[in-house]
Amino acid sequence: MKSVQWHDTHITILNQQALPHKTEYLELKNIKDVWDAIVTLKVRGAPAIGMTAAYGLALAAKSYETNDLAQFHAELKRDRDYLASSRPTAVNLFWALDRLMKSVAQAKSVNEAKTTLIHEAICIQVEDEDVCRRIGEHALSLFQDGDRIMTICNAGAIATARYGTALAPFHLAKEKGMTLHAYACETRPVLQGARLTAWELSQAGVDVTLITDNMAAQTMKAKHISAVIVGADRIAANGDTANKIGTFGLAILAKAFRIPFYVAAPLSTIDLQTKTGDDIPIEERAKEEVTHIGGVRIAPDVNVYNPAFDVTPHELITGIITEKGIIFGDYATKLPTLFEEVFA
Ligand code: MRU
């Protein structure tokens, strides 16, 4: 099941807002459709946002009428900035858009640039599948057959090209005939854990138990949870990690129960330009996400604080699992080394 797909005239996305009730694909025909789909969480999850935005920029560029390269670059920059304004926290969005911009910096003609953008966007998606599989392999090396592992939000196949990041070990364990039990926190307010992770893992035949977010401590104790694994939206240079709201609380609980707390993410989620978690912009979303469930009001019309993400301080993170391997502690020194080959 692909969350995002390029077709020459449009992009299709799996509508993640309709899940689990309906498996529905939407056609995005122009840049406004792409922006809306990202803002309204029809496509969500850091790598999937990046892939969709990349395809969105390639699609927009395809429609430019100019043959003048300078004019082409001006229009491209305008559309890059528009897509970049959709969501602030997941750095994969900016990473993917900037990768596309760089890919055409030396283009000799408008036609060449248009083709290059499509090619680069496709490469991002193809690479992400391989990256997620590697993350899954590394993550799996940390777990034993029969382990009970807690997660939050959806860092799964539908949030990436395939496999996911934090959910990759569950998918790979299934492929290899090993049993990992997933404990999925429902993830209020938007319920990515209940609607998406519970759906994705059960579809894949992975054993998954759903809990509400406030059941995490009791579940860790009663069910002997052996580890927590989460995805990430942005990892700062010192290892501080922004991920779905509720992640920070799980990290504190993991420390209290002396169980490991892992972050699984691709290099495209590591932002060495952002020094610490305090520098990560945290998206605040509409109050209706908190006051309503499924369109039904559950609270009076009072003030609401609705941060979509929180930042887990690096000292609470046992290890960061990337496609290049796992790093344990001293992130400020070790994170830059992951990029050395790329910059060589
Ligand atoms: O608001 P969302 O649903 O886009 O938030 C998603 C998350 O926080 C994920 O854990 C993260 O993007 C990693 S997805 C592989």
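Cβ atoms here come from the backbone N, Cα and C positions, even for glycine.
Here the structure is a predicted model, which means the values were calculated and not measured.
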Residue among Arg87, Arg99, Arg148 sharing the substrate site, where TrEMBL lists Arg44, Gly45, Ala46, Gln192, Asn243, Lys244 as binders:
Arg87
Alpha-carbon spacing, Lys244 (substrate binding site) to Cys153 (site 'Transition state stabilizer'), which is rounded to whole Å
6
Lys244 (substrate binding site) falls, by DSSP collapsed to helix, strand or coil, into strand
Relative to ligand 1, which of the recorded positions Gly45, Ala46, Arg87, Asp233 have a Cβ found under 6 Å from one of its atoms?
Gly45, Ala46, Asp233
Least Cβ-crowded entry, counting other Cβ within 10 Å, from the binding-site residues listed as Arg44, Arg87, Lys244
Arg87
Arg87 (substrate binding site) to Cys153 (site 'Transition state stabilizer') - Cα separation in whole Å
17
Between Asp233 (active site, proton donor) and Gln192 (substrate binding site): CA-CA distance (Å)
14
